[in-house]
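Annotated features, as they stand in TrEMBL:
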- 113-187: domain 'Cation-transporting P-type ATPase N-terminal' (DOMAIN)
- 170-189: transmembrane segment (TRANSMEM)
- 195-215: transmembrane segment (TRANSMEM)
- 352-374: transmembrane segment (TRANSMEM)
- 394-423: transmembrane segment (TRANSMEM)
- 815-835: transmembrane segment (TRANSMEM)
- 841-859: transmembrane segment (TRANSMEM)
- 955-980: transmembrane segment (TRANSMEM)
- 986-1006: transmembrane segment (TRANSMEM)
Amino acid sequence: MEKLLEEKFDLEHKHPSQESLRRWRSAVSLVRNRHRRFRYTANLDKRSESEQARRKIQEKLRVALYVQKAALQFIDAGNRVEYKLSQEVREADFGIDPNELASIVHGHDSRRLKFHGEVEGIARKVQVSLTDGVYLTDLPRRQKIYGFNQYVEKPPKSFWIFVWEALQDLTLIILIVCAVISIGVGIATKGWPEGIYDGLGIVLSIFLVVMVTSISDYKQSLQFRELDKEKKKIFVQVTRDGCRQKVLIYDLVVGDIVHLSIGDKVPADGIFISGYSLLIDESSLSGESEPVNISEENPFLLSGTKVQDGNGIMLVTSVGMRTEWGRLMETLNEGGEDETPLQVKLNGVATIIGKIGLTFAVLTFVVLVARFLVDKALQNKFLQWSLSDAMKLLNYFSIAVTIIVVAVPEGLPLAVTLSLAFAMKKLMNDRALVRHLSACETMGSATCICTDKTGTLTTNHMVVNKIWICEEIKVIKGNDSIDALKSMISDDVLIILLHSIFQNTSSEVVKGTDGKNTILGTPTESALLEFGLLLGGDFDGQRQKSNIVKVEPFNSVRKKMSVLVTLPTGGFRAFCKGAPEIILGMCSKVIGSHGELVYLTETWIENVMNIINGFASEALRTLCLAFKDIDDSFNNDNIPGDGYTLVAILGIKDPLRPGVKDAVEACLAAGITIRMVTGDNIYTAKAIAKECGILTDDGLAIEGPDFSSKSPEEMKKLIPKLQVMARSLPLDKHTLVKQLKDLREVVAVTGDGSNDGPALRAADIGLAMGIAGTEVAKENADVVIMDDNFTTIVNVVKWGRAVYINIQKFVQFQLTVNVVALVINFVSACISGSAPLTAVQLLWVNMIMDTLGALALATEPPNDMLMKRPTVGRGISFITRTMWRNIIGQSIYQLIILLTLQFYGKELLRLSGSDATSVLNTFLFNSFVFCQVFNEINSRDMENINVFRGMFNSWVFIVVMFCTIVFQILMVEFLGTFASTVPLSWQLWLFSILIGSISMVFAVIIKQIPVEPARNTTNSQHYYGYVALPTGPELA
């Protein structure tokens, strides 16, 4: 079985190839219900069609952006046809039609924009102030005329669609036909109402199966719908009512003033108002890889594009389906999401078992019919046929079809979806948003986590803790230390320091809706502004004194931010801040102890580096501030790159998150290697890594550029000891991920910047930060960590492992039921000429092992023991030898007991009288069901003896067990007419329960049998030094 699964049903964790997707589909040959089996698999034909549609739209956009733009240059604006303002727009007191607004941006129509008075004229016509923005009371009027920022989506499936799809099961359709014929023949032979009971029993059983299946599937769809809504929640920064605030992307209206920064997604079509170095990636729309510079000369911004660099403010002109992105969104989700590796594997298991079951069903039918014909021949009645004979043959056929129902485990692949949906819902409550189904599953197999430092291992609440200025180090604690600092430095130095903080920043101090000042920006920038305000600085006052000429925003490649401003007295001043080694290399002078400018000699540089390293070794993030005065003759095309004066070195404190150390220890105990990958100074990184337990005495810390300069062979030698990578660029992170995957590691990597996209895509699991992460990073990630907390990542690992183990439990349980049901019916048919379990009883058994079994076992919550198990790496057999041991052992026990009862039950139970056979068959059915009930409890733990641990924490399991037992009592005691059962005495009830419960004792004995570790799961050491944990009875 494992060989066939590897050949036909092996799928990559991420970005599977078209070939592998089509290969496993072609290998699935036996399916009862295609609608249900393939509900959560990608429709490759639809996906291909949507891809073609997307390319057509991109081509159309390319024409609009380039050909149309060029053509407009030859058209005289005066000769163009004037548009007419519609009555509705005029009555709403707007001065421009929505279609006119949309066409200006779509066609990049600069002439038309000028005709309307540029961005200021458009703002007047849409009745909005470029400083105060839209007023909340005005939203309904704007939405009525210009529309909502929402896209056309397919309506969700109703409950009755799921009922209809459940009824598409071919075997159920055949059984319904058989039941109808049975009712007709029954009435003819037995009369009314006795003749309808057998057929009606089958119909009622089918009705119950369909309803339970539909309810389960519908609840799953509701969970996915809720998760889908959460995935689409994007917040954008706008100015409304004169205040900066966050709003949902769906609440944007025409006229909104939107603030854009690196990594943001442009939320609607719009026109550029102001900004610096705004670079837009339009590849998602036009297919062009070259980024576009947005400025007053080229002010058009398109929805769905991404901010690659810089920042800006835009006026929203079109929303929703009036944008090209809105039209493109209609095609994006066609074809569905890729199936997960476990879903594919279990489709393979279902196919193999289904073929075996079909063979047994055919053989059972052949044997039953052959025995029936031989009996007729021996009685010389071969040519004498009656309706009762037809009824018997129909009954044999119904049993054979029902065996197929039981034997083809349609619920196996769907159990994965059920388990994943349950886990995703729970993870969302635990602040982790799973964007792709396969990520939750793959995370359980993670062998390595490459994590950021800032905000993930630390709190991301930064404060300036130390400052070196004028050759003095000051610790910043409270107002006293601030006063001491101000008294130590001259007024001129203080002014330069405040200018360096307030002029050279991408953050803002804004008034919130509550009237209080709020700092908006990154934690590092916020810490600097907060420090500047503590020093008595006036943010708005400082900004108004100078005009910003040019800005080079910070990014992870430059590791610095520069700004060029005009001075009130004439000339220019350049400010620069960033990584100490970068800024120090740009400086030629430093502010001395008395505020004088001193040349940076080698001795000075050595002293300054000692200060920086001292700050860093105390786990402080270090930052340098510098400035340069420039005369009027300067050509301001580029900000200078040298000749600066070093103002100060700041040490910013970012404390370790509570619980991180324990979470790291849990990962290490689980055989998961943790590596810190950060842009910080190597001394800062090492200090934090040691504090949280990542960096050990024999571990290696290296800088990103040093690692990337190594050859692949050298990298492979370094990786086993590599625990910290400092000063890393996004490309260094990507290189590390690729090397780890080459070593057959299952890699999870965190990222928050737009440049982290390649690493997030390349990793087996990309983890984006929900608070610090950009929209571009989130879009490329598989999981969004909503609270940016490393402990949440560990929780995702735990749930991922729970999903994998839960599916293994369910497979073990279902295969045991399959083996016993098939063998007992086949053997009984061969020996006695009849099947002990009727069609109705088999349908009930199918529901126990399929839908109810999946609910009980596939939704168990994780426990702490899961993090003490070894990781499940690549190429590991899904159905382990431990599982086969349990399946075979339980099957042998159940078959011995049930076959003994089948053939010697009357003697052993001392049954006599006309109803002895009915009582025996009912007792056999009851014992069989209770064997499954107790085996379901056995399956809760495949290795440990204590199967009750945590059972009462899983309310779903308890409810399923309770419902199964209650309905079994109803079937035996009250629904005998339909289920072919008779009421049992209390002694036989107790004996049935005893037979089932003994399987638990038998399970303890089975678990003492040693199992040789499977391929790739040897007890040898992990190459990072972790020893595989013990399995079997040792964990009891």
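Positions of Cβ are set from backbone N, Cα and C atoms, glycine also.
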- Of the listed stretches (195-215, 394-423, 955-980), which one yields the highest count of Cβ-Cβ distances below 8 Å with the transmembrane segment (170-189)? 195-215
- Message: Can you tell me which parts of the same chain pack against the transmembrane segment (394-423), counting only residues 6+ beyond its ends and a CB-CB cutoff under 8 A?
- Response: 30-33, 36-37, 39-40, 169, 171-172, 174-175, 178-179, 181-182, 185, 198, 202, 216-217, 220, 223-224, 227, 340, 342-344, 346-347, 349-350, 353-354, 356-358, 360-362, 364-365, 368-369, 372, 434, 437, 440-441, 799-800, 802-803, 806-807, 810-811, 814, 817-818, 821-822, 825, 835, 837-839, 842-843, 845-846, 849-851, 853-855, 857-859
- Item | DSSP helix/strand/coil residue counts for the domain 'Cation-transporting P-type ATPase N-terminal' (113-187) | 48 helix, 3 strand, 24 coil
- Outside the transmembrane segment (986-1006), six or more residues from its ends: residues with CB under 8 Å to it: 885-886, 889-890, 893-894, 897, 909, 919, 923, 926-927, 929-935, 937-938, 945, 947
- Note on the structure: Within the same chain, the residues 6 or more beyond the ends of the transmembrane segment (841-859) and with Cβ under 8 Å of it are 175, 202, 205-206, 208-209, 212-213, 216, 399, 402-403, 405-406, 409-411, 414-416, 418-419, 422, 806-807, 809-810, 813-814, 817-818, 821, 925, 928-929, 932-933, 936, 939-940, 954, 956-957, 960-961, 963-964, 967, 971, 979-981
- Task: With a Cβ cut-off under 8 Å, give me the same-chain residues at least six positions beyond the ends of the transmembrane segment (352-374) that come close to it.
- Result: 1, 4-5, 29-31, 382, 392-393, 396-397, 399-401, 403-404, 406-409, 815, 818, 822-823, 825-826, 829-830, 833-835
- Rounded mean pLDDT for the residues that make up the domain 'Cation-transporting P-type ATPase N-terminal' (113-187): 86
